[in-house]
Amino acid sequence: MDRFHQINPFAKRDSHTTTSITTYKVLSLLTWLLSVVTTVYYDTHAPTDGKYLGGSIWHQNYHHYSGFTQNAVITSIYFVVMFILQLIYTSHLFSSDATTVNAAASVGSHFILNNLLHFAWVMLFVRSHFVWSEIILIINFFNLSSLYFRHATYTKLIHAGAVSWPLAWTFVAIYWNGAIMVPHQHSLVARIFANVFIWSLLGYGLFFIFLYKDYTMGFALSVLSASLGVAQFFRQIIAFQWIFAFTIMSVLFVATVLVAVPAWTGREDFFGNRREPVGDAERAPLLADN
(Lines of atoms letter the chains of each structure in order from A and count residues from 1; the text may use other names and numbers.)
(Lines give C-alpha, C1' and ligand atoms only; values in the text may rest on other atoms or scores of the structure.)
Protein backbone atom coordinates (compact mmCIF):
# COMPACT_ATOMS: atom_id res chain seq x y z
CA MET A 1 0.00 0.00 0.00
CA ASP A 2 2.87 2.41 0.80
CA ARG A 3 4.41 1.60 -2.56
CA PHE A 4 1.13 2.39 -4.33
CA HIS A 5 0.85 5.68 -2.41
CA GLN A 6 4.34 6.65 -3.54
CA ILE A 7 3.68 6.04 -7.23
CA ASN A 8 0.09 7.34 -7.23
CA PRO A 9 0.21 10.92 -8.63
CA PHE A 10 -3.22 11.70 -7.15
CA ALA A 11 -2.37 10.71 -3.56
CA LYS A 12 -2.46 13.46 -0.92
CA ARG A 13 1.02 14.50 0.24
CA ASP A 14 2.22 16.97 2.84
CA SER A 15 5.40 17.71 0.90
CA HIS A 16 6.88 17.15 -2.55
CA THR A 17 10.37 16.48 -3.83
CA THR A 18 12.25 18.95 -5.98
CA THR A 19 11.96 16.57 -8.93
CA SER A 20 8.18 16.24 -8.62
CA ILE A 21 7.74 20.01 -8.31
CA THR A 22 9.83 20.54 -11.44
CA THR A 23 7.69 17.94 -13.23
CA TYR A 24 4.52 19.73 -12.14
CA LYS A 25 5.90 23.05 -13.38
CA VAL A 26 6.73 21.70 -16.84
CA LEU A 27 3.61 19.58 -17.35
CA SER A 28 1.24 22.21 -15.93
CA LEU A 29 2.52 24.86 -18.32
CA LEU A 30 2.67 22.57 -21.36
CA THR A 31 -0.81 21.09 -20.85
CA TRP A 32 -2.24 24.54 -20.07
CA LEU A 33 -0.80 25.85 -23.35
CA LEU A 34 -2.18 22.81 -25.18
CA SER A 35 -5.64 23.43 -23.72
CA VAL A 36 -5.60 27.17 -24.47
CA VAL A 37 -4.22 26.95 -28.01
CA THR A 38 -6.63 24.15 -28.98
CA THR A 39 -9.64 26.02 -27.56
CA VAL A 40 -8.70 29.33 -29.19
CA TYR A 41 -8.01 27.73 -32.56
CA TYR A 42 -11.23 25.70 -32.73
CA ASP A 43 -13.20 28.63 -31.38
CA THR A 44 -13.27 29.94 -34.95
CA HIS A 45 -11.81 27.15 -37.11
CA ALA A 46 -13.43 23.91 -38.23
CA PRO A 47 -11.42 20.69 -38.45
CA THR A 48 -10.46 19.55 -41.94
CA ASP A 49 -10.27 15.87 -41.06
CA GLY A 50 -12.58 13.30 -39.52
CA LYS A 51 -15.26 10.88 -40.63
CA TYR A 52 -18.21 13.09 -39.68
CA LEU A 53 -19.07 16.66 -40.67
CA GLY A 54 -17.58 18.89 -38.00
CA GLY A 55 -17.34 22.57 -37.22
CA SER A 56 -15.88 25.10 -34.85
CA ILE A 57 -16.97 25.03 -31.22
CA TRP A 58 -19.56 27.74 -31.77
CA HIS A 59 -20.69 26.37 -35.11
CA GLN A 60 -21.53 23.14 -33.31
CA ASN A 61 -23.23 25.12 -30.57
CA TYR A 62 -25.61 26.94 -32.91
CA HIS A 63 -25.95 24.19 -35.51
CA HIS A 64 -27.29 21.80 -32.86
CA TYR A 65 -29.73 24.06 -31.02
CA SER A 66 -30.95 22.61 -27.75
CA GLY A 67 -32.25 23.66 -24.36
CA PHE A 68 -28.64 24.10 -23.19
CA THR A 69 -27.22 26.09 -26.12
CA GLN A 70 -24.73 28.68 -24.84
CA ASN A 71 -24.11 32.28 -25.88
CA ALA A 72 -20.77 32.35 -27.69
CA VAL A 73 -19.66 35.77 -26.40
CA ILE A 74 -20.38 35.22 -22.71
CA THR A 75 -18.96 31.69 -22.60
CA SER A 76 -15.87 32.80 -24.56
CA ILE A 77 -15.29 35.50 -21.95
CA TYR A 78 -15.71 32.82 -19.29
CA PHE A 79 -13.01 30.75 -21.01
CA VAL A 80 -10.63 33.73 -21.10
CA VAL A 81 -11.10 34.42 -17.39
CA MET A 82 -10.76 30.72 -16.55
CA PHE A 83 -7.51 30.41 -18.51
CA ILE A 84 -6.12 33.50 -16.76
CA LEU A 85 -7.07 32.05 -13.36
CA GLN A 86 -5.37 28.80 -14.36
CA LEU A 87 -2.21 30.69 -15.30
CA ILE A 88 -2.31 32.42 -11.91
CA TYR A 89 -2.61 29.00 -10.28
CA THR A 90 0.39 27.77 -12.28
CA SER A 91 2.43 30.76 -11.09
CA HIS A 92 2.05 29.43 -7.53
CA LEU A 93 4.33 26.53 -8.51
CA PHE A 94 7.11 29.08 -9.07
CA SER A 95 6.63 30.83 -5.73
CA SER A 96 9.55 31.25 -3.34
CA ASP A 97 7.30 30.21 -0.46
CA ALA A 98 7.52 26.45 0.16
CA THR A 99 3.99 26.26 1.61
CA THR A 100 2.49 27.87 -1.48
CA VAL A 101 4.45 25.58 -3.80
CA ASN A 102 3.37 22.46 -1.90
CA ALA A 103 -0.27 23.58 -1.96
CA ALA A 104 -0.14 24.16 -5.72
CA ALA A 105 1.70 20.88 -6.32
CA SER A 106 -0.92 18.96 -4.34
CA VAL A 107 -3.54 19.68 -7.00
CA GLY A 108 -1.10 19.50 -9.92
CA SER A 109 -1.95 15.97 -11.09
CA HIS A 110 -5.67 16.74 -11.27
CA PHE A 111 -4.96 20.04 -13.04
CA ILE A 112 -2.76 18.36 -15.66
CA LEU A 113 -5.38 15.67 -16.23
CA ASN A 114 -8.08 18.33 -16.56
CA ASN A 115 -6.07 20.09 -19.28
CA LEU A 116 -5.53 16.85 -21.20
CA LEU A 117 -9.20 15.89 -20.93
CA HIS A 118 -10.31 19.37 -22.01
CA PHE A 119 -8.02 19.07 -25.05
CA ALA A 120 -9.54 15.66 -25.85
CA TRP A 121 -13.07 17.04 -25.45
CA VAL A 122 -12.43 19.90 -27.90
CA MET A 123 -10.89 17.57 -30.48
CA LEU A 124 -13.86 15.18 -30.28
CA PHE A 125 -16.58 17.85 -30.02
CA VAL A 126 -15.57 19.80 -33.12
CA ARG A 127 -15.45 16.51 -35.08
CA SER A 128 -19.01 15.64 -34.01
CA HIS A 129 -18.02 12.65 -31.86
CA PHE A 130 -20.55 13.73 -29.26
CA VAL A 131 -20.86 10.41 -27.43
CA TRP A 132 -17.11 10.17 -26.87
CA SER A 133 -16.86 13.85 -25.94
CA GLU A 134 -19.63 13.31 -23.38
CA ILE A 135 -17.68 10.41 -21.87
CA ILE A 136 -14.60 12.64 -21.62
CA LEU A 137 -16.62 15.30 -19.81
CA ILE A 138 -17.99 12.77 -17.32
CA ILE A 139 -14.47 11.46 -16.62
CA ASN A 140 -13.26 15.01 -16.05
CA PHE A 141 -16.24 15.73 -13.81
CA PHE A 142 -15.18 12.88 -11.52
CA ASN A 143 -11.56 14.05 -11.71
CA LEU A 144 -12.42 17.62 -10.67
CA SER A 145 -15.01 16.54 -8.09
CA SER A 146 -12.40 14.32 -6.46
CA LEU A 147 -10.02 17.27 -6.46
CA TYR A 148 -12.65 19.55 -4.93
CA PHE A 149 -13.61 17.32 -2.01
CA ARG A 150 -10.07 16.17 -1.25
CA HIS A 151 -8.39 19.58 -1.51
CA ALA A 152 -11.10 22.07 -0.57
CA THR A 153 -9.15 24.32 1.80
CA TYR A 154 -6.47 25.94 -0.34
CA THR A 155 -6.34 29.67 -1.11
CA LYS A 156 -9.01 31.04 -3.43
CA LEU A 157 -6.55 31.80 -6.25
CA ILE A 158 -5.47 28.15 -6.36
CA HIS A 159 -9.04 26.99 -5.80
CA ALA A 160 -10.65 29.17 -8.49
CA GLY A 161 -8.14 28.45 -11.25
CA ALA A 162 -7.55 24.74 -10.68
CA VAL A 163 -10.84 23.62 -9.18
CA SER A 164 -14.06 25.66 -9.09
CA TRP A 165 -14.13 27.37 -12.52
CA PRO A 166 -13.12 24.25 -14.49
CA LEU A 167 -15.57 22.15 -12.43
CA ALA A 168 -18.45 24.59 -12.99
CA TRP A 169 -17.76 24.61 -16.73
CA THR A 170 -17.54 20.80 -16.89
CA PHE A 171 -20.84 20.42 -15.04
CA VAL A 172 -22.66 22.73 -17.46
CA ALA A 173 -20.88 21.25 -20.48
CA ILE A 174 -22.16 17.76 -19.60
CA TYR A 175 -25.72 19.03 -20.13
CA TRP A 176 -24.78 21.07 -23.21
CA ASN A 177 -22.87 18.26 -24.90
CA GLY A 178 -25.44 15.71 -23.74
CA ALA A 179 -28.32 17.68 -25.25
CA ILE A 180 -26.47 17.77 -28.58
CA MET A 181 -25.70 14.05 -28.33
CA VAL A 182 -29.36 13.09 -27.91
CA PRO A 183 -31.34 12.98 -31.19
CA HIS A 184 -34.37 15.19 -31.83
CA GLN A 185 -33.19 18.12 -29.73
CA HIS A 186 -36.15 20.20 -30.94
CA SER A 187 -38.83 17.76 -29.82
CA LEU A 188 -41.30 18.51 -27.05
CA VAL A 189 -39.85 15.75 -24.87
CA ALA A 190 -36.34 17.21 -25.21
CA ARG A 191 -37.59 20.68 -24.26
CA ILE A 192 -39.42 19.32 -21.20
CA PHE A 193 -36.30 17.47 -20.05
CA ALA A 194 -34.27 20.66 -20.55
CA ASN A 195 -36.83 22.65 -18.50
CA VAL A 196 -36.44 20.15 -15.66
CA PHE A 197 -32.69 19.50 -15.68
CA ILE A 198 -31.74 23.18 -15.87
CA TRP A 199 -32.73 23.46 -12.20
CA SER A 200 -29.86 21.16 -11.29
CA LEU A 201 -27.58 24.16 -11.92
CA LEU A 202 -29.32 25.96 -9.07
CA GLY A 203 -29.15 23.00 -6.71
CA TYR A 204 -25.51 22.31 -7.57
CA GLY A 205 -24.51 25.93 -7.08
CA LEU A 206 -26.38 26.41 -3.80
CA PHE A 207 -24.80 23.20 -2.48
CA PHE A 208 -21.32 24.69 -2.79
CA ILE A 209 -22.32 28.22 -1.82
CA PHE A 210 -23.99 27.39 1.49
CA LEU A 211 -22.23 24.17 2.49
CA TYR A 212 -18.69 25.21 1.52
CA LYS A 213 -19.19 29.00 1.42
CA ASP A 214 -17.65 28.85 -2.05
CA TYR A 215 -18.49 32.10 -3.79
CA THR A 216 -16.12 31.34 -6.70
CA MET A 217 -18.28 28.38 -7.69
CA GLY A 218 -21.46 30.41 -7.26
CA PHE A 219 -20.21 33.23 -9.47
CA ALA A 220 -18.93 30.83 -12.14
CA LEU A 221 -22.29 29.05 -12.37
CA SER A 222 -24.19 32.35 -12.41
CA VAL A 223 -22.14 33.49 -15.43
CA LEU A 224 -22.77 30.23 -17.28
CA SER A 225 -26.48 30.45 -16.42
CA ALA A 226 -26.52 33.95 -17.90
CA SER A 227 -24.87 32.63 -21.06
CA LEU A 228 -27.52 29.94 -21.32
CA GLY A 229 -30.30 32.46 -20.69
CA VAL A 230 -29.12 34.90 -23.37
CA ALA A 231 -28.78 32.15 -25.96
CA GLN A 232 -32.23 30.75 -25.16
CA PHE A 233 -33.82 34.22 -25.25
CA PHE A 234 -32.54 34.95 -28.76
CA ARG A 235 -33.52 31.46 -29.86
CA GLN A 236 -37.16 31.63 -28.72
CA ILE A 237 -38.61 34.55 -26.79
CA ILE A 238 -41.83 32.76 -25.87
CA ALA A 239 -40.35 29.89 -23.87
CA PHE A 240 -39.63 28.87 -20.28
CA GLN A 241 -35.93 28.00 -20.63
CA TRP A 242 -34.51 31.52 -20.72
CA ILE A 243 -36.79 32.58 -17.86
CA PHE A 244 -35.57 29.64 -15.79
CA ALA A 245 -31.95 30.41 -16.70
CA PHE A 246 -32.15 34.06 -15.64
CA THR A 247 -33.99 33.08 -12.44
CA ILE A 248 -31.21 30.63 -11.60
CA MET A 249 -28.57 33.23 -12.46
CA SER A 250 -30.21 35.80 -10.17
CA VAL A 251 -30.58 33.44 -7.21
CA LEU A 252 -27.00 32.18 -7.55
CA PHE A 253 -25.64 35.71 -7.85
CA VAL A 254 -27.50 36.95 -4.76
CA ALA A 255 -26.42 33.89 -2.77
CA THR A 256 -22.85 34.41 -3.95
CA VAL A 257 -22.88 38.03 -2.77
CA LEU A 258 -24.32 37.01 0.61
CA VAL A 259 -21.38 34.65 1.11
CA ALA A 260 -18.69 36.74 -0.58
CA VAL A 261 -19.24 40.03 1.27
CA PRO A 262 -18.57 38.60 4.77
CA ALA A 263 -15.47 36.85 3.40
CA TRP A 264 -14.18 40.02 1.73
CA THR A 265 -14.85 42.16 4.80
CA GLY A 266 -12.99 39.72 7.04
CA ARG A 267 -15.96 38.54 9.11
CA GLU A 268 -15.60 35.03 7.71
CA ASP A 269 -12.79 33.23 5.98
CA PHE A 270 -13.09 31.70 2.49
CA PHE A 271 -14.87 28.61 3.77
CA GLY A 272 -17.15 30.32 6.22
CA ASN A 273 -15.27 30.00 9.51
CA ARG A 274 -16.05 33.06 11.57
CA ARG A 275 -13.01 35.07 12.60
CA GLU A 276 -12.62 36.42 16.09
CA PRO A 277 -11.95 40.18 16.21
CA VAL A 278 -8.37 41.04 17.09
CA GLY A 279 -9.42 43.22 20.00
CA ASP A 280 -11.42 40.44 21.64
CA ALA A 281 -8.59 37.97 21.11
CA GLU A 282 -6.13 40.31 22.81
CA ARG A 283 -8.48 41.01 25.71
CA ALA A 284 -9.42 37.37 26.34
CA PRO A 285 -6.40 36.49 28.54
CA LEU A 286 -6.92 39.68 30.54
CA LEU A 287 -10.57 38.86 31.13
CA ALA A 288 -9.63 35.35 32.17
CA ASP A 289 -7.16 36.71 34.71
CA ASN A 290 -9.83 38.89 36.17
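From the backbone N, Cα and C atoms, a Cβ is placed for every residue, glycine too.
According to TrEMBL, the protein carries these features:
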- 21-42: transmembrane segment (TRANSMEM)
- 68-89: transmembrane segment (TRANSMEM)
- 101-124: transmembrane segment (TRANSMEM)
- 130-150: transmembrane segment (TRANSMEM)
- 157-176: transmembrane segment (TRANSMEM)
- 188-212: transmembrane segment (TRANSMEM)
- 219-238: transmembrane segment (TRANSMEM)
- 244-265: transmembrane segment (TRANSMEM)
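A Cβ distance under 8 Å defines the sequence-distant neighbours of the transmembrane segment (68-89), meaning residues of its chain 6+ beyond its ends; these are 32, 35-36, 39, 43, 58, 61-62, 104, 107, 111, 157-158, 160-162, 165-166, 169, 172, 175-176, 178-179, 194, 198, 220, 223-224, 226-228, 230-232, 234-235. Away from its own ends, the transmembrane segment (219-238) comes close to residues 65, 67-71, 74-75, 78, 164-165, 168-169, 171-172, 198, 201, 204-205, 245-246, 248-249, 252-253, 256, 260 of its chain (Cβ-Cβ under 8 Å, at least six residues beyond either end). When each of 21-42, 101-124, 130-150, 157-176, 244-265 is checked for Cβ pairs under 8 Å to the transmembrane segment (188-212), 244-265 comes out on top.
In terms of C-beta pairs under 8 Å, the stretch of 21-42, 130-150, 157-176, 244-265 lying closest in packing to the transmembrane segment (101-124) is 21-42. Listed as Cβ neighbours of the transmembrane segment (21-42) (distance under 8 Å, sequence separation of 6 or more from its ends, same chain) are residues 56-57, 79, 83, 86-87, 90, 93-94, 101, 104-105, 108-109, 111-112, 115-116, 118-119, 122-123, 126.
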